[in-house]
Each structure stands twice: as structure tokens, then as C-alpha cells.
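Colleague: Quick one: the structure is below, and I'll ask about it shortly.
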Amino acid sequence: MKQNNKPYHVDQEAKQRDLSTNKSDSTNKFLTTNQGVRINDDNNSLKAGDRGPSLLEDFILREKITHFDHERIPERIVHARGSGAHGYFEVTNPIPQFTRAGFLQEAGQRTPVFARFSTVAGFRGSTDLARDVRGFSVKFYTQEGIYDLVGNNIPVFFIQDATKFPDLVHAVKPEPHNEIPQAASAHDTFWDFISLMPESAHMIMWLMSDRAIPRSYRMMEGFGVHTFRLVNAQNESFFVKFHWKPKLGTHAVVWDEAQKISGKDPDFHRRDLWEAIEMGNFPEWELGMQIVDEADEQKYEFDLLDPTKIIPEELVPVTIVGKMVLNRNPDNFFAETEQVAFHPGHVVPGIDFTNDPLLQGRLFSYTDTQLLRLGGPNFHEIPINRSIAPVHNNQRDGFMRQEINIGRVSYSPNSLGGDCPVQARIDQGGFVSYNERIDAHKVRQRSESFSDHFGQARLFFNSQTEVEKDHIVRAFRFELGKVETTAIRVRMIGIVAQIDAGLAEKVAAGLRLTVPAKPEQPMNYGVSPERRGLEQEPKLVPSSVEASQALSMINNPTVKPTIASRKVAIVCADGVDENAVLAMKSALIRESAKGCVIAPYLGHVQTNQGGAIPVDFSFLTSSSVLFDAVYIPGGMDLNELSQNPDAMDFISDAYRHCKVIGVHGNSIELLSGAAFASKLTNEDEGIIMDEDMENDITANFISAMAGHRVWAREAQL
Ligand code: HDD
């Protein structure tokens with residue numbers, strides 16, 4: 001057999017990703033059964049007489065109903081609710097010195113990807129705006145096989161060992177007796193578990209922050225969470241943490257807004273991703289890596305194998321390696337987004353695992369879950385999961401096998417088939433696990449280096465702005481306020497007190513509780529009887545970094561002001577200043593943003609020039625929580641707005657959620673009738689007003705909007 005000695009990533013045999021052979025388009029086609037028989041009547045079942053019973057022989061009816069009865073597959077046990085898109089990954093800064101992964105070798109190299117974003121706790125039909133972690137999974141169709149980076153929008157996790165994952169998920173999912181609440185962590189079983197698991201302290205701080213209520217999937221960071229390994233051609237290994245940095249910056253909504261969006265448009269994130277791609281505003285992230293020499297494994301005050309820890313960017317900066325652009329919506333949600341099967345164990349040569357005990361458990365779980373969810377071992381043959389690198393092995397048969405393997409040989413070694421398929425040497429792209437030396441006793445124990453639970457939780461809190469800290473206080477009050485068992489609230493405040501005493505005081509004050517003088521030390525819950533009392537007490541190892549800008553969304557140095565792809569509500573009624581509406585719409589388009597006309601009715605509004613402007617939504621079918629800013633042009637019959645409670649709520653909510661509000665001409669009067677009128681100050685940089693309708697306020701409006709929200713206003717609320 002002729003051996004190909006070229007590095008595998010330049011092997012011409014590896015095709016470009018092409019799913020077109022699996023696509024089906026019914027345009028101008030006959031309706032058929034699944035066996036290809038043309039159907040003459042799809043509206044009536046076969047009956048004995050037009051009023052008689054249906055006949056068993058009606059194979060067309062039976063086939064249709066049978067298929068329908070089997071349309072659903074089990075939803076994902078976690079991350080059931082999600083949305084995906086196709087795109088590509090392009091290398092900007094190749095890193096052959098760190099990895100031999102073929103897709104990271106040359107600048108300009110492109111690899112097709114499919115990304116799926118998700119919430120964790122809710123069922124498949126739940127709201128996008130739950131307070132929750134967001135999944136951030138990317139499947140790279142590399143020429144050396146599939147590589148999946150299955151991460152979250154939060155860089156740490158709740159637990160340190162995979163064996164606690166089923167407990168965590170049981171605790172956060174709706175409670176088993178009444179299946180309440182849906183897609184929410186604000187209930188007793190979740191906080192009972194968390195308050196007994198101090199290792200979750202760092203994660204809980206992120207979950208109570210606005211990171212858990214993103215403005216958009218396109219405005220979230222992504223993280224691989226665990227420390228992985230890179231391995232280069234010389235077989236040298238480096239530790240690595242993966243980061244996705246969004247081009248549009250990292251932004252969130254506020255909690256009141258999140259709850260209202262959940263009612264007004266539970267598909268808010270799904271719609272946002274879909275519409276951005278349809279409009280050509282392709283979501284984009286940079287892929288960054290924090291790379292640590294193997295020799296530095298023990299250098300830090302935290303353990304690199306502990307998934308409840310970050311590496312502060314002040315200690316190891318993030319090197320940008322490439323960018324991901326999502327530029328195509330799926331053709332079919334079920335075929336692609338629902339059937340896509342990610343797995344942290346899908347790696348290519350040059351990327352490897354560490355002994356992080358959470359990662360190790362994940363390496364078992366993902367294939368196992370697909371066997372149930374996708375119905376058997378051949379899920380890799382589903383088009384969205386197929387490798388573009390050729391697949392040849394001696395695995396055979398199983399439910400729904402698509403491939404027709406030719407020949408009589410399905411074993412190795414064999415002489416009948418020339419011993420094919422042959423194993424690849426390392427220089428032929430063969431995957432060789434990193435030969436880490438392990439010399440240890442078998443134990444069920446946690447390393448002592450995993451026992452700091454509070455140091456980085458405090459680092460996170462110290463890195464937030466005052467506004468962000470305040471949001472964390474309110475989130476704790478909300479979540480614990482929904483907990484019915486007082487003992488759980490108190491125990492949780494005891495945990496918070498070990499992170500930050502001031503934070504605990506504020507949370508406790510909102511719940512009319514006092515911070516316990518001596519917090520319960522629940523570490524020994526769940527510990528084996530022999531080890532009870534021996535297990536390390538949770539402790540606080542102060543971080544060597546006092547505050548890290550990258551942990552704050554508001555202070556994050558990488559956030560570049562832009563309004564690209566944002567949506568502005570242009571509030572209109574009859575008589576509206578036509579020039580002002582058109583000027584705002586064009587100014588927004590120039591910034592790749594969009595203005596939508598909202599009025600008391602659908603159809604058109606009459607303008608001051610006798611023209612008509614089409615209305616996109618009425619106040620009944622829309623809400624300001626679905627927009628990033630509000631503009632109210634002048635010239636209108638204000639009664640149409642001031643007498644309409646939905647219109648006034650629209651403006652009041654925009655104010656409450658710290659959005660920029662532009663007001664022109666006589667419309668300024670509307671503000672004095674709004675619920676917030678008494679709180680308005682001249683210092684509010686987010687109220688852009690001009691009494692003179694001739695003046696153009698678009699530039700000021702856009703520049704204020706680029707700051708995302710006017711957080712200073714919160715002091716007035
Ligand atoms: Fe997981 C899905 C991310 C820990 C077991 N997980 C899933 C998805 C994401 C993550 C993004 C959705 C993939 C998709 O879009 O289809 N999971 C994480 C992260 C973790 C983590 C970042 C910690 C760092 N997961 C984790 C553990 C286990 C699992 C410890 C089990 C021991 N996760 C699963 C799963 C899921 C899953 C049950 C459900 C659906 C699926 O895999 O395909 O196997």
C-alpha cells in the first residue's frame with residue numbers, strides 16, 4: 001500500500017465541507033411516500049365509503065402517522081435550549097511552536113465550524129433570558145478530523161469533580177415533585193446544594209453577575225474552562241486555557257429587563273443570532289489562548305487542574321491566535337442544531353487533555369449521552385457531525401448505519417485486505433496521547449491544592465465596578481428571596497461572608513437576616529465515613545492579583561465602543577417629523593445598526609410632510625426591552641402617545657434599563673408625563689434632547705449609545 005508521508009492537514013483527500021448531497025428541496029417536486037411512490041390525495045384517508053371506517057390497508061396514512069409519532073428525540077439532559085450557526089475559523093497568528101494541530105499552522109488558513117450557544121437548566125422550549133450559564137460549543141471540521149471546543153460563557157465551573165455533576169443538575173432542574181420552576185436557579189433545591197458545596201463559591205459569583213443574562217450570544221465571551229494541553233511536533237507539551245473574545249464586546253441586559261424579555265420574546269437570543277446573520281452582521285470572536293510552560297505547572301497559588309479557577313490575565317496574557325466568523329444560518333434546525341453532537345473528547349493531534357477530574361468525567365459522558373439522544377453508535381454519520389477527513393476503521397453496523405463498507409475484512413490484523421486500514425505514524429498525522437508520567441496510588445480524594453474556594457471568588461468581586469457589584473447584591477437577594485427555607489438562606493449568607501463581608505451584609509439586609517457569626521462549615525457533607533473530619537476545610541488563599549480588569553464587563557479593556565447590529569425603537573405617531581425619522585434611520589444604517597418604527601397601530605403613520613412611513617411594530621406587539629435605545633422624533637400628536645399606557649411604559653422601561661433616549665421638538669413634553677419625570681437630571685448623559693427640530697441629534701445619540709448603557713443613571717432609580 002502506498003503511504004502518504006505528507007502532514008495530514010495538507011492531504012488533498014480531505015474534502016471541503018459539503019452537505020449539499022443531503023439537502024432536499026421540494027420546489028416543483030411531486031409529493032411522495034418515503035418509498036418514493038407519488039401520492040394522489042394527501043387530504044383524505046382511505047375509507048370504506050365516504051362516511052365509513054378507515055382501512056388498515058392505507059399504507060400512506062400509516063406511514064405518515066407513524067413517522068409523526070416518532071418525530072421527537074430526547075432533549076439534551078442539560079443545554080437543551082440552544083441555537084447554532086455555521087461559519088469559519090481563520091488563523092491570524094499561527095502557533096506551530098506550541099501545537100502540531102494542522103488547523104493552527106498557517107496564517108490565513110480557514111476551517112469550517114458549526115457553533116451552538118445554549119442555556120443549561122431550562123427545557124428545550126424555555127426562555128433564552130433565564131439567569132443561567134450559557135454554553136459555547138464550537139465544532140471545527142479540520143482536515144485531521146473533528147475538534148470540539150465545548151465551553152461556557154463563564155470561565156469556571158460549579159464543581160471540581162465530575163461525580164458531583166448529576167447532583168448539581170438534579171438540584172438546579174425543576175424540583176421533581178411539581179416540576180417547578182422552569183429555567184431558573186431561584187429555588188430551594190439549587191441553593192440547598194450550593195450552600196453545602198463551598199467549591200461553587202467562585203462560579204456563583206459569576207452566576208449572580210450580569211454575565212448570566214447576556215444581551216446577545218454575539219456579545220458573550222467563551223471559555224474552554226479546563227486547562228487543556230497543546231503538544232508540538234517535538235512532543236513538547238504546554239498547558240492552555242481557551243478564550244473567545246467577542247468583536248462587539250461583552251454586554252448584558254439588566255435583570256428586570258431579562259424577566260420582561262422572557263415574556264415579550266422568549267426567543268430573543270435565538271432571533272438576535274438569526275437576524276444578525278440574515279442582515280450580514282456576521283458574529284465574530286477572536287480565539288485567544290493563555291499558554292503556560294509545563295515547568296510552570298506548580299507556579300501559581302491555585303492548581304491548574306482545578307476547574308473552579310481562572311488564570312488571571314495579569315499573570316498570563318491571552319495570545320490571540322485566530323478569529324471565528326458565523327456567516328450562515330442552518331437550513332433546518334432539527335437536522336443541524338438539534339442533532340449536532342459535541343464532545344470535549346473530540347480532539348485532533350496537537351491538542352490533549354489534563355487530569356482535571358471534571359474534564360476526565362466529561363470525556364466519558366458526552367458519547368454516552370449521544371447514544372441515547374441520537375439513538376445509537378452511528379451519530380457521527382449524521383451530516384452535521386460528519387468529519388471532512390476520510391473515516392476508515394473496522395467499526396461496523398448498528399442502528400441507522402449509512403455507510404456501505406465494501407469488502408470482507410472488518411478486523412485487524414488481516415492479510416485478506418492488505419492489513420488496511422493502516423495505522424498512521426505520528427508524522428503521518430496519527431494521534432499519539434501525550435506520554436505524561438503517572439505514578440500514584442488509587443484514591444478517592446481531592447488534592448489539597450483544590451481546597452481554596454474563596455480566593456478567586458473575592459478576586460472576581462473586587463474586579464467589578466460599583467454598578468456591577470450592586471447587580472450582584474440584587475441577584476443574590478432575588479435568588480435567595482425565592483428560597484422558602486430560611487436555614488438555606490442563612491447558610492448561603494455564611495458562604496458569601498467568606499467571600500466578602502460587605503457583600504454578605506448587603507444581601508442579608510435585603511432579606512432582613514443577619515450574617516451568621518460563625519458560618520456552617522459544610523465540607524464534610526457527602527464525604528465517605530472514613531474520611532469525615534480528615535477532609536480539608538475550605539479556605540481562602542488570597543489571589544496574587546488584587547483586581548483583574550478582564551473580569552468586569554464594564555471595565556473590560558478589550559471592549560470597543562460600537563453600535564453595530566444594535567436595534568433602535570423610533571417611537572412615532574401621526575404628524576411625525578419625516579426628515580428626522582429618515583435621518584435617524586440612515587445614520588443607524590451607516591453604523592450597521594437598525595431603526596424600527598413603533599406606533600400605536602400597524603400600517604403607516606402620516607408624516608408632517610403628508611407622506612407615510614411604514615410601521616414595523618405596534619406598542620401591542622413590541623416593547624422597549626427588545627431594543628437597545630429609543631428615539632422620539634418631534635412634530636407628533638402627543639395625545640396618541642401620552643394617553644397610551646403601553647407607549648408610556650415603553651419609554652419608562654427604556655429609562656429604567658439605563659438606555660439612551662433621544663427626544664426632539666415637542667416630544668420633550670412626553671418626558672414630563674413619564675413615571676421617571678421627577679428623577680430626570682441634566683447630568684443624565686443618556687437623554688439626548690433638542691427642542692429645535694431642525695437640529696440633527698443623530699451623532700450625539702449614536703455616540704451615547706455606543707457605551708451600551710448609561711449606568712450612572714442607576715443612582716437615580
Ligand atoms: Fe457538559 C452538554 C459545557 C461539565 C455532561 N456541556 C454540554 C454543552 C455544553 C457543555 C456547552 C452543550 C453542547 C451542545 O451545544 O450540544 N459541560 C460544559 C462545561 C462543563 C461541563 C463548560 C464544565 C467545565 N458536562 C459537564 C460534566 C458532565 C457534562 C462534568 C458530566 C459528567 N454536558 C454533559 C452531557 C451533555 C452536556 C450530559 C448534554 C448534552 C450533550 O452533552 O451532548 O453529556
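Note: Cβ is positioned from N, Cα and C throughout, glycine not excepted.
According to TrEMBL, the record shows the following:
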type     : residues                          : note
ACT_SITE : H79                               : active site
ACT_SITE : N152                              : active site
BINDING  : R76, R116, F165, R362, Y366, R373 : heme binding site
COMPBIAS : 8-20                              : compositional bias 'Basic and acidic residues'
DOMAIN   : 32-420                            : domain 'Catalase core'
REGION   : 1-29                              : region 'Disordered'
Colleague: Limited to the domain 'Catalase core' (32-420), I'd like the whole-number average of pLDDT.
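Modeller: Here the mean pLDDT over the domain 'Catalase core' (32-420) amounts to 97.
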Colleague: Take the Cβ of N152 (active site) and count every other Cβ within 10 Å, whichever protein chain it belongs to.
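Modeller: N152 (active site) is surrounded by 25 other Cβ atoms within 10 Å.
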Colleague: If you count other Cβ atoms within 10 Å of each one's Cβ, which of the recorded positions H79, R362 has the most?
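Modeller: When each Cβ's neighbours within 10 Å are tallied, H79 tops the list.
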Colleague: Between the Cα atoms of R116 (heme binding site) and H79 (active site), find the distance and write it as a whole number of Å.
Modeller: 10
Colleague: Let me know the most crowded of the binding-site residues, choosing from R76, R116, R373 and counting other Cβ atoms within 10 Å.
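Modeller: The most densely surrounded of these binding-site residues is R116.
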Colleague: Would you count the other C-beta atoms found within 10 angstroms of the C-beta of Y366 (heme binding site) for me?
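Modeller: Within a 10 Å radius of the Cβ of Y366 (heme binding site) lie 16 other Cβ atoms.
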Colleague: What whole-number Å value do you get for the CA-CA distance of H79 (active site) and R362 (heme binding site)?
Modeller: 14
